[in-house]
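Some notes on the structure that comes next.
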Ligand code: NAD
């Protein structure tokens, strides 16, 4: 089994760009960034490999995906440590690095096993027609820095299963995690079926406009998603856009505050809040407002934040300075806007690392920037409401719709509100829980296209009707 150091030695280019640990500022490794010629080469190699890969058929490709999952399992400790050192999330405790690596294994295996048969559309005296799903060709996968390994697998596993080959462009903030993961996956996959081209936005742009790319799977901000959609117009590349969110949670008056406090906490603060479908605005009925705030703070106080290689920590730093400044600015706005700081809000100056303390702010008006903008960090606004119609209107009032949640002791009451919330997924008494069997995607400016499950396979395929 490889150690993290072995893995780093295999992927590091000494003349490449240094990547720093967001908890300590130490160098994790160096990464070679792709030139335009190297990107062209990767796309050409993926195109050349695609017909043979497609020709293997579903059963053989599924075997390869299981072998790729075996390779990830065999290198799980090394991958989790690398991820922790580069991204910041703790190695073991909570839904962190080992959890993310485990998710890669789970999604690879699930994507390998979904049944996908032709769909019979018509079969009667008038004739016969069936819908088949065939490979698109080369998929360009562009990803963010918050869950770099898992999101890469979400994009890659379904694409490969469907007979496409893939060129991955990782975030410039977390390239080593993805280069390390691809290195491990490629121990099991045929040559050139999966290539990686590290680099910044310009490499992403070149990939999304490349004439050799048939589909872009993009996960990242709404702004970049819009740029990709514009840029992809000439080549008519197909798109799946998983974009930003600002998920609302609505707590009904019949809730048991203590029973839900732990799940509310992790719904909001998983990965130190750097999660697309995290709970980012919490609407709580006035009857239970103080009780819910107290229970949430009590849970939050028991969650240590610090260097992810120290055993006790369950929360890590923010991944980069830019994100730290966004969170600090929004919390500043919240304080100025009359927010009551229940905890946090006051980072320790001059410590190494981008640590922003877990922050919960009550009594904010719904138009405060901490409510209306995506904070993508550990700062949760809690907004009071007095009637459910008002809460639903506030929850639906933004132009994004990735996830939402309802919290209640009654499934019927929760279902009634869930029907009215505008989001790709509405969870009841949990938030952000994803499952490889359950399709996931946004509405409004959170994007379009589904990942996961059989629907996820279809979205990296071309549909083809045979009719006789
Ligand atoms: P980002 O949009 O800044 O960057 C994402 C990727 O796009 C990076 O690899 C970047 O290099 C690349 N890129 C930048 N400019 C490009 C261009 N012009 N053309 C092509 N690629 C380009 O996003 P981020 O800051 O890395 O990630 C955070 C955002 O991602 C948040 O808004 C978050 O909500 C969202 N996100 C969404 C999901 C989801 O499933 N919906 C999941 C995770 C993160």
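Glycine is no exception: its Cβ is also placed from the backbone N, Cα and C atoms.
Here is what TrEMBL records for this protein:
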DOMAIN    18-465  domain 'Aldehyde dehydrogenase'
ACT_SITE  242  active site
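If you average pLDDT over the domain 'Aldehyde dehydrogenase' (18-465) in this model, you get 97.
DSSP assigns residue 242 (active site) to a strand in the three-state reduction. For residue 242 (active site), the count of additional Cβ atoms within 10 Å of its Cβ stands at 28 [all protein chains shown].
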